[in-house]
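Student: Annotations for this protein, taken from Swiss-Prot, read as follows:
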type	residues	note
BINDING	10, 11, 12, 13, 14, 15, 127, 172	ATP binding site
REGION	30-59	region 'NMP'
BINDING	31, 36, 57, 58, 59, 85, 86, 87, 88, 92, 133, 144	AMP binding site
REGION	126-136	region 'LID'
């Protein structure tokens, strides 16, 4: 099963992806983790990304797609994968479609974790306070959420039009949300 897990910061994507990885026995591919590991490994794409990040710029879609293509060529993804952190915009969604078409394996589903803004702000601000991060104020969190919503809304529409978007309530205990995802996926 080839899945994308979408949701705003604080929605529990990483937590749910880890749970889904265990349940479905397919790898969780976090583009953030992938980017960091490529940089640490000193791969050609990692070196390009490191140079871009050192200048304070965002890593290009082309570099991310190259890293993802490399990762999807590994044998552990034959049975599927859970992709987290990508796509973040419409051009990335189209690029992912093209990449998966190249492999002959389109997405089966896109799970959208839906969590109200006030709950997200509470989760992130609480996590930031516990970690001693002063930059995640409620106002800063709301701004990040707005940026996410602005860039991701078209992606959600893109997958909804294709009939593969599954909206799941992301509020509740870990096991409750995991159960909702399993039901939505028919597992």
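Note that Cβ sites are derived from N, Cα and C of the backbone, with glycine treated the same way.
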Student: Could you give me the DSSP helix, strand and coil counts for the region 'NMP' (30-59)?
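Tutor: Looking at the region 'NMP' (30-59) with DSSP, the answer is 22 helix, 1 strand, 7 coil.
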Student: Over all shown protein chains, what is the count of other CB atoms within 10 A of the CB belonging to residue 12 (ATP binding site)?
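Tutor: So the Cβ neighbour count for residue 12 (ATP binding site) comes to 20.
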Student: Between residue 12 (ATP binding site) and residue 86 (AMP binding site), find the distance joining the two CA atoms and give it rounded to the nearest Å.
Tutor: 15
Student: If you run the three-state DSSP split on residue 11 (ATP binding site), which class comes out?
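Tutor: The residue in question, residue 11 (ATP binding site), is coil (DSSP, three-state).
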Student: Taking Cα atoms as reference points, rank the binding-site residues 14, 15, 127, 172 by distance from residue 88 (AMP binding site) and give the first.
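Tutor: Result for residue 88 (AMP binding site): the nearest of the binding-site residues is 14.
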Student: Max Cα-Cα distance in Å among 10, 11, 12, 13, 14, 15, 127, 172, the residues listed as binding ATP?
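Tutor: For the residues that bind ATP, the greatest Cα distance is 16 Å.
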